[in-house]
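According to TrEMBL, the region 'Disordered' annotation covers 348-368. Annotation comment: TrEMBL describes 37-57, 63-83, 95-114, 134-156, 163-191, 203-222, 234-255, 261-282 as transmembrane segment.
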Amino acid sequence: STIFGHLVISIALNLQKYSHIRLAGSKDPRAYFKTKTWWCGLFLLVLGELGVFSSYAFAPLSLIVPLSAVSVIASAIIGIIFIKEKWKPKDFLRRYVLSFVGCGLAIIGTYLLITFGPNSHEKMTGENITRHLVSWPFLLYMLLEIIVFCLLLYFYKEKNANYIVVILLLVALLGSMTVVTVKAVAGMIVVSIQGNLQLDYPIFYIMLVCMIATAVFQATFLAQASQLYDSSQIASIGYILSTTIAITAGATFYLDFTGEDVLHICMFALGCLIAFLGVFLITRNRKKSVPFEPYISMDAMPGMQNVHDKGIAVQPDLKASFSYGALENNDNMPEIYTPATLPIVQEQHGSRGVSAPPYRVLEHSKKE
(Lines of atoms letter the chains of each structure in order from A and count residues from 1; the text may use other names and numbers.)
(Lines give C-alpha, C1' and ligand atoms only; values in the text may rest on other atoms or scores of the structure.)
Protein backbone atom coordinates (compact mmCIF):
# COMPACT_ATOMS: atom_id res chain seq x y z
CA SER A 1 0.00 0.00 0.00
CA THR A 2 2.86 2.41 0.80
CA ILE A 3 4.76 1.69 -2.43
CA PHE A 4 1.55 1.92 -4.47
CA GLY A 5 0.64 5.22 -2.82
CA HIS A 6 4.04 6.80 -3.50
CA LEU A 7 3.97 5.62 -7.13
CA VAL A 8 0.52 7.13 -7.66
CA ILE A 9 1.58 10.40 -5.97
CA SER A 10 4.61 10.66 -8.25
CA ILE A 11 2.48 10.09 -11.36
CA ALA A 12 -0.10 12.63 -10.13
CA LEU A 13 2.47 15.38 -9.52
CA ASN A 14 4.03 14.83 -12.94
CA LEU A 15 0.60 14.99 -14.58
CA GLN A 16 -0.16 18.30 -12.91
CA LYS A 17 3.28 19.63 -13.87
CA TYR A 18 2.66 18.52 -17.47
CA SER A 19 -0.66 20.39 -17.43
CA HIS A 20 1.04 23.63 -16.30
CA ILE A 21 3.84 23.30 -18.87
CA ARG A 22 1.39 22.54 -21.68
CA LEU A 23 -0.72 25.60 -20.91
CA ALA A 24 2.35 27.84 -20.57
CA GLY A 25 3.61 26.80 -24.01
CA SER A 26 0.30 27.28 -25.83
CA LYS A 27 -2.16 30.05 -26.52
CA ASP A 28 -4.89 28.31 -24.54
CA PRO A 29 -6.54 31.00 -22.34
CA ARG A 30 -7.99 28.43 -19.92
CA ALA A 31 -6.84 28.25 -16.32
CA TYR A 32 -4.98 25.13 -15.22
CA PHE A 33 -7.84 23.95 -13.00
CA LYS A 34 -10.15 23.81 -16.04
CA THR A 35 -8.10 21.12 -17.78
CA LYS A 36 -8.83 17.39 -17.56
CA THR A 37 -5.14 16.57 -17.08
CA TRP A 38 -4.86 18.67 -13.94
CA TRP A 39 -8.02 17.18 -12.41
CA CYS A 40 -6.83 13.68 -13.25
CA GLY A 41 -3.57 14.47 -11.44
CA LEU A 42 -5.50 15.82 -8.44
CA PHE A 43 -7.63 12.66 -8.27
CA LEU A 44 -4.55 10.43 -8.39
CA LEU A 45 -2.86 12.62 -5.76
CA VAL A 46 -5.75 12.18 -3.33
CA LEU A 47 -5.84 8.45 -4.07
CA GLY A 48 -2.11 8.10 -3.40
CA GLU A 49 -2.25 10.10 -0.17
CA LEU A 50 -5.11 7.93 1.06
CA GLY A 51 -3.07 4.84 0.28
CA VAL A 52 -0.07 6.12 2.23
CA PHE A 53 -2.31 7.30 5.08
CA SER A 54 -4.00 3.91 5.42
CA SER A 55 -0.67 2.07 5.35
CA TYR A 56 0.31 3.69 8.66
CA ALA A 57 -2.43 1.65 10.34
CA PHE A 58 -1.09 -1.72 9.17
CA ALA A 59 2.71 -1.45 9.26
CA PRO A 60 5.43 -0.15 11.61
CA LEU A 61 6.26 3.52 11.31
CA SER A 62 9.98 2.88 10.89
CA LEU A 63 9.25 0.78 7.80
CA ILE A 64 6.83 3.18 6.09
CA VAL A 65 8.84 6.40 6.34
CA PRO A 66 11.96 5.34 4.35
CA LEU A 67 9.80 3.99 1.52
CA SER A 68 9.14 7.55 0.36
CA ALA A 69 12.27 7.00 -1.74
CA VAL A 70 9.95 5.18 -4.15
CA SER A 71 8.42 8.51 -5.21
CA VAL A 72 11.89 9.91 -5.96
CA ILE A 73 12.73 6.85 -8.09
CA ALA A 74 9.41 7.08 -9.95
CA SER A 75 9.84 10.82 -10.59
CA ALA A 76 13.32 10.25 -12.03
CA ILE A 77 12.10 7.49 -14.36
CA ILE A 78 9.03 9.46 -15.48
CA GLY A 79 11.20 12.52 -16.14
CA ILE A 80 13.52 10.49 -18.38
CA ILE A 81 10.65 8.82 -20.27
CA PHE A 82 8.75 12.02 -21.01
CA ILE A 83 11.79 14.14 -21.89
CA LYS A 84 11.29 16.09 -25.09
CA GLU A 85 14.88 16.51 -26.19
CA LYS A 86 16.63 14.09 -28.55
CA TRP A 87 19.92 12.72 -27.33
CA LYS A 88 22.56 10.52 -28.87
CA PRO A 89 23.15 7.30 -26.90
CA LYS A 90 26.52 8.47 -25.54
CA ASP A 91 25.20 11.89 -24.56
CA PHE A 92 22.11 10.33 -22.97
CA LEU A 93 24.18 7.98 -20.82
CA ARG A 94 26.56 10.78 -19.86
CA ARG A 95 23.67 13.06 -18.92
CA TYR A 96 21.70 10.50 -16.89
CA VAL A 97 24.35 8.16 -15.56
CA LEU A 98 23.93 9.51 -12.03
CA SER A 99 20.16 9.03 -12.23
CA PHE A 100 20.57 5.41 -13.31
CA VAL A 101 23.09 4.69 -10.54
CA GLY A 102 20.92 6.51 -7.99
CA CYS A 103 17.80 4.59 -9.01
CA GLY A 104 19.69 1.31 -8.71
CA LEU A 105 20.98 2.15 -5.25
CA ALA A 106 17.57 3.39 -4.10
CA ILE A 107 15.93 0.15 -5.31
CA ILE A 108 18.55 -1.95 -3.48
CA GLY A 109 18.05 0.11 -0.32
CA THR A 110 14.26 -0.23 -0.59
CA TYR A 111 14.59 -4.02 -0.93
CA LEU A 112 16.75 -4.19 2.20
CA LEU A 113 14.26 -2.01 4.09
CA ILE A 114 11.35 -4.27 3.20
CA THR A 115 13.28 -7.48 3.89
CA PHE A 116 14.89 -6.53 7.19
CA GLY A 117 12.39 -3.95 8.44
CA PRO A 118 10.60 -4.36 11.78
CA ASN A 119 7.58 -6.64 11.80
CA SER A 120 6.14 -5.86 15.24
CA HIS A 121 2.81 -4.08 15.11
CA GLU A 122 0.02 -3.60 17.63
CA LYS A 123 -3.54 -2.36 17.36
CA MET A 124 -3.85 1.39 17.69
CA THR A 125 -6.37 1.55 20.51
CA GLY A 126 -6.80 4.53 22.78
CA GLU A 127 -5.26 2.67 25.73
CA ASN A 128 -2.14 1.67 23.80
CA ILE A 129 -1.53 5.17 22.42
CA THR A 130 -2.02 6.76 25.84
CA ARG A 131 0.40 4.28 27.40
CA HIS A 132 3.06 5.07 24.78
CA LEU A 133 2.47 8.81 25.13
CA VAL A 134 3.24 8.88 28.88
CA SER A 135 6.13 6.41 28.75
CA TRP A 136 9.48 7.66 30.08
CA PRO A 137 11.48 7.03 26.86
CA PHE A 138 9.08 9.11 24.78
CA LEU A 139 8.81 11.88 27.37
CA LEU A 140 12.61 12.21 27.45
CA TYR A 141 12.71 12.15 23.67
CA MET A 142 10.03 14.86 23.47
CA LEU A 143 11.91 17.02 25.97
CA LEU A 144 15.10 16.73 23.93
CA GLU A 145 13.27 17.43 20.68
CA ILE A 146 11.54 20.52 22.10
CA ILE A 147 14.87 21.91 23.35
CA VAL A 148 16.56 21.33 19.98
CA PHE A 149 13.59 22.80 18.10
CA CYS A 150 13.54 25.96 20.25
CA LEU A 151 17.30 26.46 19.82
CA LEU A 152 17.08 26.04 16.05
CA LEU A 153 14.10 28.38 15.87
CA TYR A 154 15.97 30.99 17.93
CA PHE A 155 19.01 30.91 15.65
CA TYR A 156 16.79 30.92 12.56
CA LYS A 157 14.58 33.83 13.61
CA GLU A 158 16.84 35.95 15.82
CA LYS A 159 20.31 35.25 14.42
CA ASN A 160 19.22 34.97 10.77
CA ALA A 161 20.82 31.51 10.45
CA ASN A 162 19.12 30.76 7.12
CA TYR A 163 21.17 27.64 6.48
CA ILE A 164 19.45 24.82 4.63
CA VAL A 165 20.34 22.32 7.37
CA VAL A 166 18.75 24.53 10.04
CA ILE A 167 15.49 24.97 8.12
CA LEU A 168 15.21 21.32 7.12
CA LEU A 169 15.99 20.21 10.67
CA LEU A 170 12.98 22.27 11.79
CA VAL A 171 10.94 20.56 9.08
CA ALA A 172 12.22 17.12 10.11
CA LEU A 173 11.46 17.64 13.80
CA LEU A 174 7.93 18.72 12.98
CA GLY A 175 7.62 15.89 10.46
CA SER A 176 8.53 13.28 13.05
CA MET A 177 5.60 14.38 15.18
CA THR A 178 3.38 14.45 12.10
CA VAL A 179 4.03 10.80 11.21
CA VAL A 180 3.65 9.70 14.85
CA THR A 181 0.22 11.35 15.05
CA VAL A 182 -0.77 10.17 11.56
CA LYS A 183 -0.15 6.57 12.56
CA ALA A 184 -2.22 7.04 15.73
CA VAL A 185 -5.14 8.68 13.91
CA ALA A 186 -5.12 6.21 11.01
CA GLY A 187 -4.84 3.23 13.35
CA MET A 188 -7.72 4.36 15.56
CA ILE A 189 -9.93 4.98 12.51
CA VAL A 190 -9.22 1.49 11.16
CA VAL A 191 -9.90 -0.12 14.55
CA SER A 192 -13.17 1.84 14.74
CA ILE A 193 -14.18 0.62 11.28
CA GLN A 194 -13.48 -2.94 12.37
CA GLY A 195 -16.10 -2.58 15.12
CA ASN A 196 -14.18 -1.38 18.17
CA LEU A 197 -15.04 2.33 18.36
CA GLN A 198 -12.06 4.51 19.32
CA LEU A 199 -13.35 7.95 18.35
CA ASP A 200 -14.73 8.61 21.82
CA TYR A 201 -11.22 8.72 23.33
CA PRO A 202 -9.85 12.26 23.89
CA ILE A 203 -6.42 11.09 22.73
CA PHE A 204 -7.81 10.72 19.19
CA TYR A 205 -8.67 14.42 18.93
CA ILE A 206 -5.41 15.44 20.60
CA MET A 207 -3.50 13.49 17.97
CA LEU A 208 -5.69 14.90 15.20
CA VAL A 209 -5.02 18.51 16.24
CA CYS A 210 -1.28 17.85 16.58
CA MET A 211 -1.23 16.20 13.15
CA ILE A 212 -2.86 19.19 11.44
CA ALA A 213 -0.78 21.79 13.33
CA THR A 214 2.59 20.13 12.70
CA ALA A 215 1.71 19.56 9.03
CA VAL A 216 0.83 23.25 8.55
CA PHE A 217 4.02 24.54 10.20
CA GLN A 218 6.05 21.95 8.33
CA ALA A 219 4.66 23.23 5.01
CA THR A 220 5.45 26.81 6.07
CA PHE A 221 9.12 26.07 6.71
CA LEU A 222 9.33 24.07 3.48
CA ALA A 223 7.95 27.04 1.55
CA GLN A 224 10.58 29.30 3.12
CA ALA A 225 13.33 26.82 2.23
CA SER A 226 12.14 26.62 -1.38
CA GLN A 227 12.55 30.40 -1.70
CA LEU A 228 16.19 30.25 -0.61
CA TYR A 229 17.56 26.99 -1.98
CA ASP A 230 17.32 24.69 -4.97
CA SER A 231 14.60 22.02 -4.94
CA SER A 232 17.11 19.21 -5.52
CA GLN A 233 19.01 20.16 -2.36
CA ILE A 234 15.77 20.31 -0.39
CA ALA A 235 14.67 16.91 -1.70
CA SER A 236 17.90 15.08 -0.86
CA ILE A 237 18.79 16.72 2.46
CA GLY A 238 15.17 16.82 3.57
CA TYR A 239 14.67 13.12 2.83
CA ILE A 240 17.77 12.14 4.79
CA LEU A 241 17.01 14.30 7.85
CA SER A 242 13.26 13.59 7.93
CA THR A 243 13.70 9.84 7.54
CA THR A 244 16.38 9.63 10.24
CA ILE A 245 14.44 11.64 12.83
CA ALA A 246 11.11 9.96 11.98
CA ILE A 247 12.62 6.48 12.43
CA THR A 248 14.02 7.59 15.79
CA ALA A 249 10.63 8.93 16.86
CA GLY A 250 8.84 5.77 15.74
CA ALA A 251 11.32 3.53 17.52
CA THR A 252 10.88 5.57 20.70
CA PHE A 253 7.10 5.99 20.66
CA TYR A 254 5.89 2.72 19.12
CA LEU A 255 8.93 0.57 20.09
CA ASP A 256 9.23 -0.68 16.50
CA PHE A 257 12.51 -2.53 17.01
CA THR A 258 11.50 -4.38 20.17
CA GLY A 259 12.40 -8.06 19.77
CA GLU A 260 14.49 -7.52 16.61
CA ASP A 261 17.96 -9.09 16.50
CA VAL A 262 21.15 -7.16 15.83
CA LEU A 263 21.51 -8.51 12.26
CA HIS A 264 18.09 -7.23 11.17
CA ILE A 265 18.73 -3.82 12.74
CA CYS A 266 22.15 -3.50 11.05
CA MET A 267 20.78 -4.57 7.64
CA PHE A 268 17.89 -2.14 8.03
CA ALA A 269 20.35 0.67 8.80
CA LEU A 270 22.42 -0.35 5.76
CA GLY A 271 19.31 -0.21 3.60
CA CYS A 272 18.61 3.31 4.84
CA LEU A 273 22.15 4.45 4.02
CA ILE A 274 22.00 2.96 0.51
CA ALA A 275 18.61 4.58 -0.09
CA PHE A 276 20.01 7.92 1.16
CA LEU A 277 22.89 7.70 -1.29
CA GLY A 278 20.57 6.78 -4.15
CA VAL A 279 18.24 9.72 -3.50
CA PHE A 280 21.23 12.05 -3.23
CA LEU A 281 22.57 10.94 -6.64
CA ILE A 282 19.15 11.23 -8.28
CA THR A 283 18.51 14.75 -7.03
CA ARG A 284 22.09 15.86 -7.69
CA ASN A 285 21.64 15.16 -11.40
CA ARG A 286 18.75 17.60 -11.78
CA LYS A 287 19.25 20.82 -13.68
CA LYS A 288 19.73 23.88 -11.52
CA SER A 289 17.70 26.94 -12.29
CA VAL A 290 19.56 29.98 -13.58
CA PRO A 291 19.07 32.92 -11.18
CA PHE A 292 17.58 36.12 -12.58
CA GLU A 293 20.01 39.02 -12.95
CA PRO A 294 18.29 42.21 -11.73
CA TYR A 295 20.35 44.50 -13.96
CA ILE A 296 20.96 45.09 -17.64
CA SER A 297 23.58 42.82 -19.13
CA MET A 298 26.09 45.03 -20.95
CA ASP A 299 26.94 42.32 -23.48
CA ALA A 300 23.39 42.56 -24.81
CA MET A 301 24.09 46.09 -26.15
CA PRO A 302 25.63 46.45 -29.62
CA GLY A 303 29.22 47.58 -29.61
CA MET A 304 29.74 46.94 -25.90
CA GLN A 305 32.51 44.71 -24.65
CA ASN A 306 31.52 41.51 -22.89
CA VAL A 307 31.66 42.02 -19.14
CA HIS A 308 30.86 38.38 -18.35
CA ASP A 309 34.11 36.96 -19.70
CA LYS A 310 35.26 35.68 -16.33
CA GLY A 311 31.84 34.95 -14.92
CA ILE A 312 31.85 38.18 -12.89
CA ALA A 313 28.82 40.37 -13.47
CA VAL A 314 29.25 44.13 -13.24
CA GLN A 315 26.59 45.80 -11.13
CA PRO A 316 25.16 49.17 -12.15
CA ASP A 317 26.92 52.29 -10.91
CA LEU A 318 24.30 54.20 -8.96
CA LYS A 319 25.89 57.43 -7.72
CA ALA A 320 24.30 60.84 -8.05
CA SER A 321 22.76 60.29 -11.47
CA PHE A 322 20.20 58.11 -13.17
CA SER A 323 22.86 56.50 -15.36
CA TYR A 324 22.28 52.72 -15.35
CA GLY A 325 25.18 50.37 -15.95
CA ALA A 326 27.38 53.05 -17.53
CA LEU A 327 31.07 52.52 -18.18
CA GLU A 328 32.55 55.91 -17.35
CA ASN A 329 35.74 57.43 -18.83
CA ASN A 330 36.05 54.86 -21.58
CA ASP A 331 38.18 56.60 -24.20
CA ASN A 332 38.27 53.58 -26.47
CA MET A 333 34.52 53.75 -27.11
CA PRO A 334 32.99 56.22 -29.55
CA GLU A 335 31.08 58.94 -27.84
CA ILE A 336 27.89 57.94 -29.59
CA TYR A 337 27.73 54.84 -27.40
CA THR A 338 28.13 56.66 -24.10
CA PRO A 339 24.79 56.72 -22.29
CA ALA A 340 22.82 59.89 -21.73
CA THR A 341 22.80 60.72 -18.03
CA LEU A 342 20.14 62.54 -16.09
CA PRO A 343 21.92 64.44 -13.30
CA ILE A 344 19.77 65.69 -10.47
CA VAL A 345 19.64 69.48 -10.26
CA GLN A 346 17.91 71.83 -7.89
CA GLU A 347 14.57 73.27 -8.92
CA GLN A 348 14.98 76.80 -10.33
CA HIS A 349 12.24 79.38 -10.68
CA GLY A 350 12.05 81.61 -13.71
CA SER A 351 11.21 85.28 -13.71
CA ARG A 352 7.63 84.56 -14.70
CA GLY A 353 7.04 82.13 -11.84
CA VAL A 354 7.27 79.03 -14.04
CA SER A 355 9.37 76.31 -12.47
CA ALA A 356 12.06 74.61 -14.50
CA PRO A 357 12.02 70.83 -14.88
CA PRO A 358 13.83 69.00 -12.08
CA TYR A 359 16.22 67.43 -14.59
CA ARG A 360 17.69 68.02 -18.01
CA VAL A 361 18.92 65.64 -20.68
CA LEU A 362 22.53 66.03 -21.78
CA GLU A 363 22.62 65.31 -25.51
CA HIS A 364 25.78 64.00 -27.07
CA SER A 365 26.68 64.77 -30.64
CA LYS A 366 28.92 62.53 -32.69
CA LYS A 367 32.32 64.03 -33.47
CA GLU A 368 33.12 64.48 -37.11
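Positions of Cβ are set from backbone N, Cα and C atoms, glycine also.
Long-range contacts of the transmembrane segment (37-57) within the same chain: residues 1-2, 4-16, 18-20, 22, 64, 124, 179, 182-183, 186-187, 189-191, each at least 6 residues beyond the stretch ends and with a Cβ under 8 Å from a Cβ of the stretch. Proximity of the transmembrane segment (234-255) to the transmembrane segment (134-156) is established through 3 or more Cβ-Cβ distances under 8 Å for residue pairs spaced 6 or more apart. Residues 63, 66-67, 69-70, 72-73, 76-77, 80, 87, 267-268, 270-285 of the same chain lie 6 or more positions beyond the ends of the transmembrane segment (95-114) yet place their CB under 8 Å from a CB of it. Residues of the same chain lying 6 or more positions beyond the ends of the transmembrane segment (134-156) and with a Cβ under 8 Å from any Cβ of it are 162, 166-167, 169-170, 173-174, 176-177, 248-249, 252-253.
Same-chain residues lying 6+ beyond the ends of the transmembrane segment (163-191) with a Cβ under 8 Å from its Cβ atoms: 53-54, 56-58, 61, 64-65, 123-126, 129, 145, 148-149, 152-153, 155-156, 198-199, 201, 203-204, 207-208, 210-211, 214-215, 217-218, 221-222, 224-225, 228-229, 233-234, 237-238, 241-242, 244-246, 248-250, 253-254. Long-range Cβ contacts of the transmembrane segment (261-282) within its own chain (Cβ-Cβ under 8 Å, at least 6 residues beyond either end) map to 62, 66, 69, 72-73, 76, 98-99, 101-113, 115-118, 235-236, 239-240, 243-244, 247. Sequence-remote contacts of a segment are chain residues at least 6 beyond its ends whose Cβ falls under 8 Å from one of its Cβ atoms, and for the transmembrane segment (203-222) they are 126, 129-130, 133, 167, 170-171, 174-175, 177-178, 181-182, 184-185, 188, 234, 238.
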